[in-house]
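Everything below concerns the one structure shown next.
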Amino acid sequence: MKEAADFLPSSETNSANWESLDVAYIASGDPEEDRRLAALAREKGKVVYLRDLPEESDVVFKNIAPASERSAAEHSVSRNNTKTPLTWETVQQKLWAATTRKRTRTEVAVNIFSAIALMVVGHLIFAFFTYDRLTLLWKDLELNENFFYYVLGGFVAQMIDGALGMAYGVTASTFLLTLGVPPSAVSASVHTSEIFTSGVSGYMHLKFGNVNSKLFKKILFPGVLGAIAGAYLLSSFEQYIYIIKPMVAVYTLILGILIIQKALKKRVEKRPIRQIGWLALAGGTLDSIGGGGWGPIVTSTLIARGRHPKYTIGSVNLAEFFVSLASSVTFISIIGFSHWQVVLGLILGGMVSAPIAANLSRRLPIKTMMIMVGTIVIIVSLRIIYMMLSSL
């Protein structure tokens, strides 16, 4: 703290009561702990400087040199807000800090799994899209006015999913069904587009520091196994979906009410969740079966039990990329796929909105996020129940 005070003109340090200070200087040595403390400080309206993560700081220190060589005239602070435009020097500092900083174990693991995933996707693409097939596909691919609606649907769906951690499948499916896309093609189209949109969204959440490494590791492998199992079950026992979906909708409806109830309380008690792996397994399975459910089930349950909304949404979004990849590969290998115009529109719209949504999730207050998550969960659950009842 004293080191940070040297950079700030007319500044003072107070170790007795940090809440009276304007700037929170955080240097615990653990990036995850730094991010957690930064979130708490921002809730108190403090300006945050992360010594080990300068690219995620609210303050940029310029002309940093040894204390013996610095003068008061050289010390200046640039706040990262809309009132102060970014300079080329500030951009260079942030890019250099992001390039040279030490990567966390989560980032290393994500990079490794992403490389493997890209290899698998690349193999499937080059094996399926031969020159003859590409020629036929180009002849059949006619862009009409509906294509721009597909782009709009992907943009809105990913904006909601990236900011609140759920409802991509439901929102995109609603758009597609409204535009007359056959129901059999909706689920496959949504899951295929989610490979790209959730990949961009997960990377941006990781870049903005919204990922909890322990939580991510606990939900990754069970979620992938559940997605594969769900895709296989959907292909084999499709006639029983009408029983499963209403039960899941009632469960998520109750969770949505609990989330809003907890958001209105002054303090949310964090209770340990011992069966996170089973929760992720159920979420991945039901996501493949119902065309959506990873976010509403996993995110809603974790937040309802007192987990931090920002880190929960970021971790679940990052894991969703691998869940969607596993589900899509299983679907394509079993039943094949078509409707590339729909997929392309969803991908383009979703990739544009993913960075915006991730940044929005980082800046929204916790109470606002919990209320919005609870509202989305309730609306989605009521919609599923209504559609099931109306089909009887």
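Cβ atoms are placed via backbone N, Cα and C, with glycine included.
Features reported for this protein in TrEMBL:
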TRANSMEM  108-129  transmembrane segment
TRANSMEM  149-170  transmembrane segment
TRANSMEM  215-234  transmembrane segment
TRANSMEM  240-260  transmembrane segment
TRANSMEM  311-334  transmembrane segment
TRANSMEM  340-358  transmembrane segment
TRANSMEM  370-389  transmembrane segment
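Same-chain neighbours of the transmembrane segment (311-334): 35-36, 110, 113-114, 117, 120-121, 124, 161-165, 187-188, 191-192, 194-195, 198-199, 201-203, 205-206, 208, 210-212, 215-216, 219-220, 223-224, 226-228, 230-232, 235, 280, 283-284, 287-288, 294-295, 298-299, 302-303, 358, 361, 369, 373, counting only residues six or more beyond its ends whose CB sits under 8 Å from a CB of the stretch.
With a cut-off of 8 Å between Cβ atoms, the residues of this chain six or more beyond the transmembrane segment (215-234) that come close are 106, 109, 113, 187, 241, 276-289, 294, 298, 302, 307, 311-312, 315-316, 318-320, 322-324, 326-327, 330-331, 334.
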